[in-house]
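*Asks:* One structure coming up, written as structure tokens, with questions to follow.
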């Protein structure tokens, strides 16, 4: 089985490939233009973007959207995490949290799959905190400053093998894989 | 003549109405769902969003997109200025600029108009600096911290009457109005 992931981020492509490999699902990149509704909820963004692309590209297209919601910053950077990373970077986010005691944050991932003219959305969520300084060399993006609850180490310190079993993205895509290999194959 | 402005922002609706009144153009709000491409350039965002809406809503629909580009922050908040205002607010933006000598910023506005199955895009741009602290009570959003070049006062201090003659939005919509009342009417 093969899905077509709409993304321009090579890190996400690699992660999703690693997450889906144990399910025997291959991942191909689809370089389609994603249009997005303005919404704070990644599920809504992924769903609407998929609905738009399903019509043109058909079955097994998957749109992924991820947000990092920092409680003390009113949910910032939320669904605009990639843009914020690219402009003010981790140092900017850490500067915004200088002197802020509440470091709580949530990583949310939504994977929206086109199948049979419908869109199915799968969610993953990991609660955690924002570290005082970047730590670790694994992963990408916010991984050096995100500490999943109870683990005491950042995603970047945990490394790809561990991260890709427990992360927000791992949860969303594992649900998608389970659904594809059970429910969907029964319907076929 | 009447345009239909796609916006959920009452301040923008009021400003555009004031800017277009001298041209005899009325402004009505169109509550359509705007889908956006991810792009740093407001012209590209407005154009693509308009193309999408022209098909459904027809002539005289106008999509507006505005960005505030702060040089020292890599262009942040750019086209996500509204979201950033709603989450970290002016205090967050000022915190990011603490200790930063380069306060240069540019306000860019794009107005994309549907007419005769085409989209025409009009641009406005104002260079300036980010103030050390918010000043003035006029306007909305970033107006209390944006000082247009050479004026020494923030948009909020200048007040709506002055702002709506010189602002990024005033420039874009004045061009649109001139085009509508000359070129377009000659073609009709």
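Positions of Cβ are set from backbone N, Cα and C atoms, glycine also.
Keep in mind that TrEMBL annotations are predicted by a computer and have not been checked by a curator.
The annotation active site, proton acceptor is assigned in TrEMBL to A:65. The substrate binding site annotation in TrEMBL covers A:7, A:8, A:9, A:10, A:11, A:12, A:66, A:140, A:141, A:142, A:143, A:163, A:168, A:169. Annotated Mg(2+) binding site per TrEMBL: A:36, A:65, in sequence order.
Neighbours and distances for these, please.
*Replies:* Within its own chain, residue A:65 (active site, proton acceptor) has A:36, A:42, A:43, A:45, A:46, A:49, A:79, A:109, A:110, A:112 as residues 6 or more apart in sequence whose C-beta sits under 8 angstroms from its own.
DSSP assigns residue A:141 (substrate binding site) to coil, not to a helix or a strand.
A strand conformation is recorded for residue A:36 (Mg(2+) binding site) in the three-state DSSP classification.
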*Asks:* List which of the recorded positions A:7, A:65, A:66, A:141, A:143, A:168 have a Cβ under 8 Å from any Cβ of chain B, in sequence order, or say none.
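*Replies:* Nothing passes the 8 Å Cβ test.
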*Asks:* Using a Cβ-Cβ cut-off under 8 angstroms and a sequence gap of six or more, which residues of the chain neighbour residue A:11 (substrate binding site)?
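*Replies:* Correct list: A:139, A:140, A:141.
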*Asks:* In the structure shown, which of the binding-site residues A:36, A:143 has the fewest Cβ neighbours within 10 Å?
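*Replies:* Per-residue Cβ counts within 10 Å for the binding-site residues A:36, A:143 bottom out at A:36.
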*Asks:* Of A:9, A:66, the binding-site residues given in the record, which has the fewest other CB atoms within 10 A of its CB?
*Replies:* A:9
*Asks:* Among A:7, A:8, A:9, A:10, A:11, A:12, A:66, A:140, A:141, A:142, A:143, A:163, A:168, A:169, listed as contacts of substrate, what is the widest Cα spread in Å, to the nearest whole number?
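*Replies:* So the binding residues stretch over 21 Å, Cα to Cα.
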